[in-house]
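Contents: one structure, followed by commentary.
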Amino acid sequence: MPLRSAASTRERTRDLAVIALTIAIIAVSAWVTIPLGPIPFTLQLFALMFAVMALEPRQCVAAVAGYVALGALGAPVFSGMRGGIGVLMGPTGGFIWGFLVAAIGAAALLHLLRRSGMDNALGCALAGLSFVAVAYACGTAQLMLVMGMSLEAALAAAVAPFIVVDLIKLAAATATARAVVRARRVSLGHGADAR
């Protein structure tokens, strides 16, 4: 039993370290902000999709939940170094809480794809696309509700200007995550069979 307990403790410690590092990466990626209308441009979506693709589902969901919770409690982890429940309740808050909904769905989808043999870039890209679609839907819905905008106006303000850039972030996150997963498998002695 002591060996199993030590291994379990090491695994929990590693998980906590990965989760904490991921929260920090998501926060830092949100701080690099270029204002483009009501929704600022950040590297946050890249970091979030990378987490979905590179981490185990429980690590990813815990990291995104931790990020949203820290921000809700007032830590300045959201774009523009903002935090607090007011940001989550504001016009763009749907994107932030939508990240958690999207992470749950995308991580589960990628897990299923990998179990069915689609452990490749296409599987990562499909999970990333699902992440973006859910985040867009949550963000657009709250923007419409809070600002009283029509669907067309909300999509024009919060989605259309970002589609091309977000697809580039998706491609970059897929390539980066695949390289990290491959390197991790090699370092753990599982071979370089990551596709």
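Using N, Cα and C of the backbone, Cβ positions are placed for all residues, glycine too.
Here is what TrEMBL records for this protein:
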TRANSMEM  16-33  transmembrane segment
TRANSMEM  39-55  transmembrane segment
TRANSMEM  67-89  transmembrane segment
TRANSMEM  95-113  transmembrane segment
TRANSMEM  125-147  transmembrane segment
TRANSMEM  153-175  transmembrane segment
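Residues 39, 48-49, 51-53, 55, 57, 60-61, 64-65, 67-68, 71, 78, 87-88, 119, 123-124, 126-128, 130-139, 142, 158 of the same chain sit 6 or more residues outside the transmembrane segment (95-113) yet have a Cβ under 8 Å from a Cβ within it. If you look at the transmembrane segment (125-147), the same-chain residues 6 or more away from its ends with a CB under 8 A from one of its CBs are 38-39, 45, 48-49, 52-53, 89-95, 97-99, 101-103, 105-107, 109-110, 113, 118, 154-155, 157-159, 166, 170-171, 173-174. Scored on C-beta pairs under 8 angstroms, the neighbour of the transmembrane segment (153-175) with the top count among 16-33, 39-55, 67-89 is 39-55.
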